[in-house]
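One structure is given below, encoded as structure tokens.
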Amino acid sequence: MHRNGPIALFFHGLVVAFVLAPLVVICLVAFTPENTLSIPTTSFSLRWFAAIFEHPDFVQSFYNSLWLATLAATISILLAIPAALAIDRYDFPGRDALNGLFLSPLIIPHLVLGVAFLRLFALIGATGSFFWLVFTHVIVVTPYVMRLVMAALSGMDRSAEQAATTLGASHWTVFRRITAPMILPGITGGWLLAFINSFDELTMSIFVTSPQTVTLPVRMYMYATESIDPMMAAVSALMIALTAAAMLVLDRAFGLDKILVGQK
Amino acid sequence: MSGRRALTPWMLVSPAALLFLGLVVLPLILTVILSFHAYDHTSGIQNSFTLKHYLTVFSDDYYLSVFWRTLRLAALTTLICAVVGAPEAYVLSRMSDPWRSVFLLVIIGPLLVSVVVRAFGWSMLLGSAGLLNQALQALGLSPVRLLYTETAIVIALVHVMLPFMVIPVWTALQKLDPMVEAAAWSLGASHFTALRRIVLPQVSLGMLSGSLIVFGLSASAFAIPGLLGGRRLKMAATLVYDEYMAELNWPLGAAIAIIVLVANLIIMLGYNRLVETRARRALG
């Protein structure tokens, strides 16, 4: 009885085509044997994927981004779990203000964060440092981690914790043996979401990276503003493939709709 | 003992709190101060303070035109996202399961693909020798100039922002019992009336919060205007980048960034109040 009519399905088809068009085109053009951006019709070639490895700056940026995202997501988890525990389980003065502060990077445009970090780093002489770049990314991804960990904490059944406490377990034991395993899906989902967000971040990073610490999105942006050749399509296709793989893992493990939709 | 218990939350929260105070609050304060510093083209940032940058931004036609374009394109993007995203969420919610999950993934999955990649995809499609024009010529039509126009920026912004509209509308629709709509039909309401009286009030709440996110993100978008607007068509974010990286006038760039931040916060808070009032009225 809840069938979509032909008009609804036609509309749906148009929306799906619109959403997929640029991604499909990138994946096709990446395999072109020509020197120009064109969709291969007669033969496919991997030459533009090979061309990536003749650009050591792209390879370097890929490793920069990989390290950066891994470190930022991990540090963010380590900071967010105790903070989320404090906010979810305790009542203390300033609790709401701190909660707001931890979520604030969601409503401060990344552009403004980038400009602000640049000023701070110029004053303390930290411009171009990879160490500080990691912490700028920690700031940007922590709200996502906080939301997922908080959702896991407030959604869990606390009777097992109470039973363990009654039986004499210490705070730390209760956390390690009961709480942590129960909120593990939230932690893992938060880590992956943080990793992806850090790996893709452009607007803030473009202000705070130096030639040595340029991340992959910044490198691609710079390259695309100057020249457009099929190598950009090959790099983009690889990024789409990586994202799709991460998406499938996320979806199998937790349900992507839960992570992306249920994060409010 | 009670003293230790009162300290526990502080100890848990302090590492994150210190980091956020040092890397969010402090840099923002420094940027506000920077925006009042005088600037000289030969000797750089001066140690005296002035309101000149804010006055320049609000009186110079060039800056005003960029802000006007930013507001206009962000509003247009929000409108198109609402008109396309809300019905799409409704269509999705009426699908049955294998297809529903698959298409939900297709619609919101691109959220995780880097925005540079998506902007690049559109520049390939819309370029003067791009695939759209190749298709037009193959059909015997004359090519159109799309890349480096406002149209191109809006198309790509809608593509990037659509999931942010579909998600809240979808969430709102999940709360609606499908039987209520069926009940309306069985009581003699037409499909249109049921849609208008039952589905639309629910959808409009989701649309309001979706619009807020879409507008805020579009107004501060960087990669899309940077890659699809070219050197001429600036929006607020690309303007700030220019002031910082090309003109090296940091105080002026900081002033524009602070204006973007304040405008964003005012719109968010004002809109939030509107959404709350509406929600209260809708719930009686």
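Glycine is treated like the rest: Cβ placed from N, Cα and C.
Here is what TrEMBL says about this protein:
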type	residues	note
DOMAIN	B:67-271	domain 'ABC transmembrane type-1'
TRANSMEM	B:12-39	transmembrane segment
TRANSMEM	B:71-90	transmembrane segment
TRANSMEM	B:102-126	transmembrane segment
TRANSMEM	B:146-170	transmembrane segment
TRANSMEM	B:205-228	transmembrane segment
TRANSMEM	B:248-271	transmembrane segment
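Proximity of distant same-chain residues to the transmembrane segment (B:71-90), defined by a Cβ-Cβ separation under 8 Å and at least 6 residues beyond the stretch ends, is recorded for 107, 150, 153-154, 157-158, 161-162, 164-166, 169-170, 173, 199, 203, 206-207, 210-211, 214-215, 218-219, 221, 235. Ranked by Cβ pairs under 8 Å to the transmembrane segment (B:205-228), the stretches B:102-126, B:146-170, B:248-271 are led by B:146-170. The stretches the transmembrane segment (B:12-39) and the transmembrane segment (B:146-170) are not in mutual contact, being linked by fewer than three Cβ pairs under 8 Å (pairs 6 or more apart in sequence). Counting only same-chain residues 6+ beyond the ends of the transmembrane segment (B:146-170), those with a CB under 8 A from a CB of the stretch are 69, 73-74, 76-78, 80-82, 84-86, 88-90, 92-93, 104, 107-108, 110-111, 115, 118-119, 122-123, 126-128, 130, 132-133, 203, 206-207, 209-211, 213-214, 217-218, 221, 224-225, 228-230, 232-233, 235.
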